[in-house]
Structures are given as C-alpha cells and as structure tokens.
Amino acid sequence: MDNLNQSYFLSLQAYDSELDQLRAFAEAHQVPIVDQLSLDMIKQIIRIHQPTEILELGTAIGYSSMHFASVSPDINVTTIERNEEMIAYAKKHFEQFRFTDQIRLIEADAAQAFSKVNDRTYDMIFIDAAKAQSKKFFELYSPLLKDGGVIITDNVLYHGFVANIDIVRSRNVKQMVKKVQKFNQWLSEQSDFKTNFINMDDGLAISIKEHKND
Ligand code: SAH
Ligand code: MG
C-alpha cells in the first residue's frame, strides 16, 4: 500500500540479514509472508511477552517462524502447514538457517491438527493460514493458550477490502472478506480476550487472554 510514513520507517533499517533476504525469495514465488513492519511489531511483542512456546498456523516458506525463533534460543515454535511445496521449502530453510532444534513443523491441515500439537500449552499463537478460517482456528486453538497469552491474527484488513467491501467485484473474494469482517466483529466481542486492532500493513489483531481469577 502506498504510504509515505510506512516507506519512511522502512528506510530506517537495512533489513539485509540472510534471513531477511528470504523476503525477496517469497516475493519472487508470490508467497504472502508477513509484512515487514508487522513482523517488527510481532518480534517486539515477543521481546516484551517473552513466550517460550509459540504456535503458528501457516508456515509457508518458514520465514515468520524463523524470525520468531531468532529472537531468543529459549523459544520453541510449532508451525502447521498443509501445502507440500511450502513444506519442502520450509524444511530446506530450517536446515539451511539451523533452526531444526527450535522449530517443529507439523505437516497437516490446521483444521485437523489439534491432536498433533496439544502435547503442550502455548504462550503465543500466530494465525496466518486461510483467512476465511481464522475464526475456526481461533476457536480450535485458543484452549491451548495459557492465561495471559497472546493470539496475533494477520491480514484482518485483507488488502483494504474489509473496510471497503464495495470495491470488491469477485463473489469469492467478497465472501472471504465478509468472513474476515465477521471474525473481527466476533473477536472484538470475546469477553475472555482483550483485542487491539492495528491499522498497519494488512491489519493485525492482537488478543490477550484474560487471567481466569481476576
Ligand atoms: N506465516 C508465513 C506466511 C503464511 S502464508 C510468513 O509470514 O512467513 C499462508 C500459508 O498458510 C500458506 O502457505 C498456506 O498453504 C497455508 N495454509 C492455508 N490454509 C491452511 C490450513 N488450513 N492448514 C495449514 N496450512 C494452511
Ligand atoms: Mg499474513
């Protein structure tokens, strides 16, 4: 999206580590990885919240999970991906960047992977898979989140269509956008979570699970 302030912030840093360079690879392969400033924000939340167990839905090429794991060697990431081509890229990258000890890849559809990841609870969950299913994934996996834990959902503005559905022509896209709208409304009404919607990049929702006894 054209935005002078955004370009200005992006110009402050080089973003040229070997891991950062995977962004160009993703763009060349048209893989929709998390936007740069959103990633910076999520990594900052990781530094503040200090999660040790992170669950991610939607691995793609492994870019975001490796960035999360890079914040601290104490972090374990469990990440779920169903697309075989992406799984192959992710595996290769986890080896190449030496994250196989910190990142566990679950090769499955996130709608059916609960029993493969419920061996532990999580301090943070990143929802970044099929956008029409964010609500389903939130409902399915939030029981595995510790009290006080954080769920971050990416793409809650979906290319700006969520706030401006009238410009959408395609029926399929419209249906998807409506699902994202419903999810955002539903999320804002969840009394056991406090959600903060961020107007940055493609939109982030940051939801914090209440502590049970306060
Ligand atoms: N988190 C990544 C980008 C993920 S792109 C990053 O920022 O680097 C979304 C990914 O979710 C795609 O690779 C897609 O194959 C995967 N995906 C979509 N629906 C899924 C599902 N139901 N189960 C598992 N993976 C899914
Ligand atoms: Mg995303």
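The backbone N, Cα and C atoms fix where each Cβ goes, and this holds for glycine too.
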Per TrEMBL, member of ASP128, ASP147, ASP166 binding Mg(2+) alongside ASP154, ASN155: ASP128
Same-site S-adenosyl-L-methionine binder from GLU81, GLU84, GLU85, given that TrEMBL records VAL34, SER64, ASP109, ALA110, ASP128: GLU81
Close-lying binding-site residues around ligand 2 among VAL34, GLU81, ASP128, ASP154, ASN155, where CB distance stays under 6 Å: VAL34, ASP128, ASP154, ASN155
Binding-site residues close to ligand 1 - of SER64, ASP109, ALA110, ASP154, ASN155, only those whose C-beta is under 6 Å away: SER64, ASP109, ALA110
Cβ neighbours within the same chain of SER64 (S-adenosyl-L-methionine binding site) - under 8 Å, at least six residues apart: ILE33, VAL34, LEU39, ILE42, GLU56, PHE126, ASP128
Residues close to Mg(2+) site centre defined by ASP128, ASP154, ASN155, Cβ within 8 Å: VAL34, GLY58, PHE126, ILE127, LYS131, THR153, VAL156, ASP202, LEU204
Cα separation, ASP154 (Mg(2+) binding site) to GLU81 (S-adenosyl-L-methionine binding site) (Å, whole number): 16
Fewest-neighbour residue among binding-site residues, criterion Cβ within 10 Å, set ASP109, ASP128, ASP154: ASP109
